[in-house]
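The next block holds one structure in the form of structure tokens; read it before the comments.
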Amino acid sequence: IASCCREMAGILAWFWNERFWLPHNVTWADLKNTDEATFPQAEDLYLACPLAFCIFMIRLVFERFIARPCAMGLKIQANGPQKAQPNAILEKVFTAITKHPDEKRLEGLSKQLDWDVRTIQRWFRQRRNQEKPSTLARFCESMWRFTFYLYIFTYGVRFLKKTPWLWNTKECWYNYPYQPLTVDVHYYYILELSFYLSLLFSRFTDIRRKDFLIMFLHHVAAISLIVFSYVNNMARVGTLVMCLHDAADVLIEAAKMANYAKCQILCNLLFAMFAIIFITSRLGVYPIWILNTTLFESWEIVGPYPSWWVFNLLLVLLQLLHSFWSYLIVKTACRAISKGKVSKDDRSDIESSSDEDDSPPPSQKHHSSATNGTNKNGTNGYLTGVPYLDEH
């Protein structure tokens, strides 16, 4: 036990090495809290873990007692995608063997059932879609995120407009790292970190989309940036990054809610506003305002040190993700213009089939007239295609 304790102490000493985290000639002792000033402490972040659980529980209550009644008031039903025709053989393959049969298995099933391969492929698509949440569940999820983003963005703007570093980013580095931690900055950081932790955990329970790994990477990068900037007291520039990222998220969640409620004109308007703000803020303001101060102004005033390089590497990684998402937003916008509305796109949760793949299975053909009016992409087309459409 004593040996394990010594090894753990050695690992912690290596992890919290002052020469990695802090500028030259600065020690952790210099940043201890005093009666005159309070500085960020790594142990402050421990509070985010239980708070993340509380936020997740608040979300469940919010979706059940606030978002769901709102959805019902907007006539949003709990109906999910079209169900696959009951078939014992295919169901056994789906549940016990594979949800994505290969070409050889499809041909075998085609002979066994006397169905063509395309019909069996469509059955498996419908069966996979059956396990996806309904439009009601999607609306509740988006309403929760919309509410949080609106609150946190409003809070960020209200307190940042009173700070000098919003108007002059060099203020982020003057007297660094001996900048006292204010109550507003502490609250902003802990709440943002808790929310991102709750999103990271809920990625495994929420609606699973094609961009799962990309969004998982995004959440890890966001959490890492928050932790890095807090621990080495880059909190001033960190607040600017968080507020900038929250701006577009409010609009996209509102657009998704409008889409689920079948308010197509409002949905198109909100999506257009989102696209403009997202691309302007992420490809314009972010590199010119944020990266300029973290890479060049900080180099001039403070100078580089090991964690400085890591922090900026994470910020550049975030810029690469911004560029990728902006490309998909433009792609979705072009498709919307050509079709006249914003509809399903590249990140859709529901697997769609081509027009020529929509013929029903042999035993269902006589029911086709009753289902012709159903959107083959599921209810409302699901505005979920840009990888950033959930959270940053």
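For all residues, glycine too, the Cβ spot is worked out from N, Cα and C.
Nobody curates TrEMBL annotations by hand; they come from automatic prediction.
According to TrEMBL, the feature DNA-binding region maps to 92-135. Summarising the annotation, TrEMBL assigns compositional bias 'Low complexity' to 371-385. The domain 'Homeobox' annotation in TrEMBL covers 90-134. Feature annotation from TrEMBL assigns domain 'TLC' to 137-338. Summarising the annotation, TrEMBL assigns region 'Disordered' to 345-392. Under the heading transmembrane segment, TrEMBL lists 187-205, 212-231, 267-289, 309-330.
With DSSP classes pooled into helix, strand and coil, the tally for the DNA-binding region (92-135) is 31 helix, 0 strand, 13 coil.
In the predicted model, residues of the domain 'TLC' (137-338) average a pLDDT of 91.
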